[in-house]
Structure formats: C-alpha cells, structure tokens
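Colleague: Checked TrEMBL, it gives:
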TRANSMEM  12-31  transmembrane segment
TRANSMEM  43-64  transmembrane segment
TRANSMEM  85-118  transmembrane segment
TRANSMEM  138-161  transmembrane segment
TRANSMEM  173-195  transmembrane segment
TRANSMEM  215-237  transmembrane segment
TRANSMEM  249-274  transmembrane segment
TRANSMEM  294-322  transmembrane segment
TRANSMEM  343-366  transmembrane segment
TRANSMEM  386-406  transmembrane segment
TRANSMEM  418-440  transmembrane segment
Amino acid sequence: METREQWASKMGFILAAVGSAVGLGNIWRFSYVTGESGGAAFLIIYVLCIFLVGLPVLLAEFSVGRRGQSDVIGSFNNIAPGKPWVLGGIIGVLTSFLILSFYGVIAGWVVFFLFSYLTGSAQAVAGGEYADFFVNFIGGAAGPVIWQVIFMAAVVAIVYFGIKKGIELSNKIFMPLLALIILILAGYALTLDGAGEGLSFLFTPDWSAFGDASVYAAAVGQAFFTLSLGMGAMIAYSSYLPKNTKLPSAAGTVVTLDTLFAIIAGIMIFPVVFTFGVDPAAGPALIFITLPEVFNMMGGAGTFFAILFFFLVAIAALSSAISLLEVSVSYVMRQFNWSRKKAALIAGVVVTLFGVPSALSQGGPLSGEIFGLSFLDLVDTITDKYTLPLSGLIVALFVGWGWNKVDALKETGLTDSLIGVVWLWFIRVIAPLGILWILLQNIFG
Ligand code: PHE
Ligand code: NA
C-alpha cells in the first residue's frame, strides 16, 4: 500500500479548511438567512452558536480525522472497531454526496451569471427584468445542467490532482484572492448612501427576535453548514495531517476566518440592498435577482462589480465543493482500492448525475413536487434539517463519550488544561443538547 497523502504544511491545511468553510454559505446563504431572520438579532445568536456549538464540534471532527488517518467511515472504524459510531461516518458520506449534488447546481448558476456578465448578455437585460432573466435560465432544460457540469468538471479536476498538487495548491491561490475581492467590494459598499442603514440592519438588534425559536434553529443550521460540519469534510481533510499538528489553533483560525468572511459579506451586501431600496428578506434569490438589479442601476461600474462579485462567489463555491467531493473520493479509494484519479472521475460523474434532477427541478422538465418541495429543495431540506445535525450529534457524542476521555484530550493536545476540560463538557453536553433541540424542532416543529 502507498503511504497516505499529506498536506505540505499546516498553513496549507488551514487554508484548505478555510476554503471548505468559506463558500456559498457565507455569501448567498448567510445574507438571505440573516435578511429573513431580522438582521442583527440573528447575527448575535449565530455568532454564539458558532462558538458554543460550531467550534467544539469542529475540533472534535479534526481530532477524529487526524487520529483515524483514513476516510470518514474508515476513521471511525479505526478508532472504535466494530462499534455503531461508524454510523456517524456513513451519514456524513451520504450527506456530503447529497449536498454536493445540489451545491453544484447552484454554483453552476453563479458561473452562468459570471459568464453572462463577461459576455455582456447580463448587462443587456432591462432594469426590472432580472427576475425573468433568472427564472428563464433556471427553468431551462439544458442551461442549468450545462453550467452544473462545467462547474463539477473543475471540481473533479482539482481533486484528481490530489491533496498537495490539487486541493492545497488551489486553495493557496484562491483564499488570498477571495480576501482581496471581498475587501474591495465591502469597501465600496461602505461608500454608498445606504451604508449606515445597511450596517444598522446588520448590527442593531431587534430584541423581539430573541424570543423567536425559529431564529435559533436557523442559527444552528447555518453554523453547521457554514463550518462544513456534519458531512465529514473536515474529518477527511484532517486525516491528511501529520501527528504533531496543533489542532485547537487550527480550529480557532478556521472558525474566526469563516465568521469574518460572513460578516464582511454582510457589510458588502446590506448597504447595497438599502441604498437601492430592495428587500433584505428577498430569500435565496437575493444574489441572483436583487443584486443584478442593483448592478444594473450602477451603470458602467456595475459591470465591474458584478464580475468581481460572481467571480468571488464562484471561487468560494469551488473551494467548498472540492472538500465535499474529497469525502466520497477518499471513501471509494479505500473501499474499492481505486487510484485517486479513477475515484475522482467516477465519484464526480455519479454525484453530477444525481444532481441533474435538482438542476431540472426549478421550472425545468422535472419540476414536479415531492412532499410539496422541488427535488432540489427536498435534498436541501433532508440534509440541512436532518442528516447534518444527526451526523454532527454522533460526532460530538462519539468524541465526548464514546472515545475515552484521555485519548480525546491527548489527540487535541489539551491534556491537563482548563480549555481541555471546557471543550470536553461542551462536546459532551452543551453541543449535543443544542443540536438535539434543533433536530427535534426540525422534526416536530
Ligand atoms: N461551508 C460551506 C459554505 O459555507 C458549505 C460546505 C458544507 C462546504 C460542507 C463543504 C462541506 O458554503
Ligand atoms: Na461557510
């Protein structure tokens, strides 16, 4: 057997993990969930969830991967052979597969918008007509699939080249680029007339929202999604770490940078929304309809900002999607003893095919509803509401209770430290209770 691939440096691992974390979740999902959940009140609860639930679970995932030294299912089996904990790994692999299937579709829309601004066809749309432009595109029979396939081909190509030469290298280029672009855009947004109003929407809480249970559920769901938890991506990435890397500082860095990206994305989007008088609660269409209307109103500069914006989102989505594909690829490599290249191609094709019904479900030929949801929304709901929290819950319980305490602390380098004790109790009690409460609310609410 070949020796397991490894990251070239701790920095490379952190950048890749940040690449996984920073994605559509920070820009597209964060802005519309925040918009729908009332702005600042949601932001406060969200940041609490990130540090009380997200950070401890992220550190737990890192320690499972690094200790397990295998794909997500293999890692659970290596640490606790013959125990039912492996269920957490199985659900994780399934979830990452399902999420990637529709993540590729939405990322394909982003690439289509980028392309349309580059060729000039998006600017040619008249003001007020962007909803039609978007709806016609996603309702097509070929367009959404073609752009999904283009995006997924890029994902497969990167994973194909492996940990160092594919994933680590691409993230070393993408992450500084993302930081630069988002700072330019947010800086510009702050010069707009509506900046004050946008910032107060984001940072001045409406206290009544704190009594609304659904805001908490949305915040925990967003915390999981944004940190790439519950689907094995962070377990897969940390399994390529050498034994001596310090995990707590890596987890802290990833969480901090992901949260900063989300907040800066909010600083970029809400001033624009208020300057041009559009609805902050526009929902998932915010970046595909609302923002293009705004770019249109900006005139010439709009094209420049639109291209930067959609390029930013496309790169963020790409670095997240590769981590999702890596979960399946590392699993089939071990399970079927395939080479990385073969595994990347086959897993990539299968997940893309499974995404096609989602691509065609938004007004296209497969728009029939199942349980009142389109196929895309169904897959999104199943993962976001049920399998993600479930797999996160299992990871937390596994590291907190299933794994012996000494090993868990040793793996994270937190033996005999106060932080270690605090972390252990967060993983044992606080995070599981928080997740369980959300899960029950999602099931019965
Ligand atoms: N964290 C990513 C985002 O915020 C989404 C994602 C989830 C990526 C799971 C990889 C794994 O967009
Ligand atoms: Na994120």
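A Cβ is built for glycine as well, from the same backbone N, Cα and C atoms used for every other residue.
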Colleague: Give residue numbers and ranges for long-range contacts of the transmembrane segment (43-64): same chain, 6 or more residues beyond its ends, CB-CB under 8 A.
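Modeller: The answer is 34, 75-76, 79, 202-203, 205, 210, 215-216, 219-220, 222-224, 226-227, 229-230, 232, 234-235, 238, 241, 247-248, 250-252, 254-255, 258-259, 263, 266, 392, 395-396, 398-400, 408, 411-412, 423, 426-427, 430-431, 434-435.
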Colleague: Would you kindly check 12-31, 85-118, 173-195, 386-406, 418-440 and say which stretch has the most C-beta pairs under 8 angstroms to the transmembrane segment (343-366)?
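Modeller: Checked against 12-31, 85-118, 173-195, 386-406, 418-440; highest Cβ contact count belongs to 85-118.
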Colleague: For the transmembrane segment (249-274), name the stretch out of 12-31, 85-118, 138-161, 294-322, 386-406 with the most CB-CB pairs under 8 Å.
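Modeller: Against the transmembrane segment (249-274), the leading stretch is 12-31.
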Colleague: Can you work out which residues elsewhere in the same chain, 6+ from the ends of the transmembrane segment (138-161), have a Cβ less than 8 Å from its Cβ atoms?
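Modeller: Answer is 104-105, 107-112, 115, 167, 169-170, 314, 317-318, 321-322, 325-326, 329, 340-341, 344-345, 348, 351-352, 355-356, 359-360, 362-365, 367.
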Colleague: With Cβ-Cβ distances below 8 Å as the criterion, list the same-chain residues six or more beyond the ends of the transmembrane segment (173-195) that contact it, or say none.
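Modeller: Distant Cβ neighbours of the transmembrane segment (173-195) are 15, 18-19, 22, 261, 264-265, 267-277, 305, 308-309, 311-312, 315-316, 318-319.
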Colleague: With Cβ-Cβ distances below 8 Å as the criterion, list the same-chain residues six or more beyond the ends of the transmembrane segment (12-31) that contact it, or say none.
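Modeller: Hits for the transmembrane segment (12-31): 103, 106-107, 110, 164, 167-168, 170-172, 174-175, 178, 222, 225-228, 233-234, 237-238, 240-241, 245, 250, 253-254, 257-258, 261-262, 265-266, 269-270, 284, 286-287, 312-313, 316-317, 319-324.
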Colleague: For the transmembrane segment (294-322), could you work out the same-chain residues 6 or more beyond its ends whose Cβ comes under 8 Å from its Cβ atoms?
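Modeller: Tertiary neighbours of the transmembrane segment (294-322) are 16, 19-28, 100, 103-104, 106-107, 110-111, 113-114, 117-118, 122-123, 125, 127, 130, 151-152, 154-155, 158-159, 166-167, 170-171, 174-175, 177-178, 181-182, 184-185, 188, 228, 272-273, 275-276, 278, 287.
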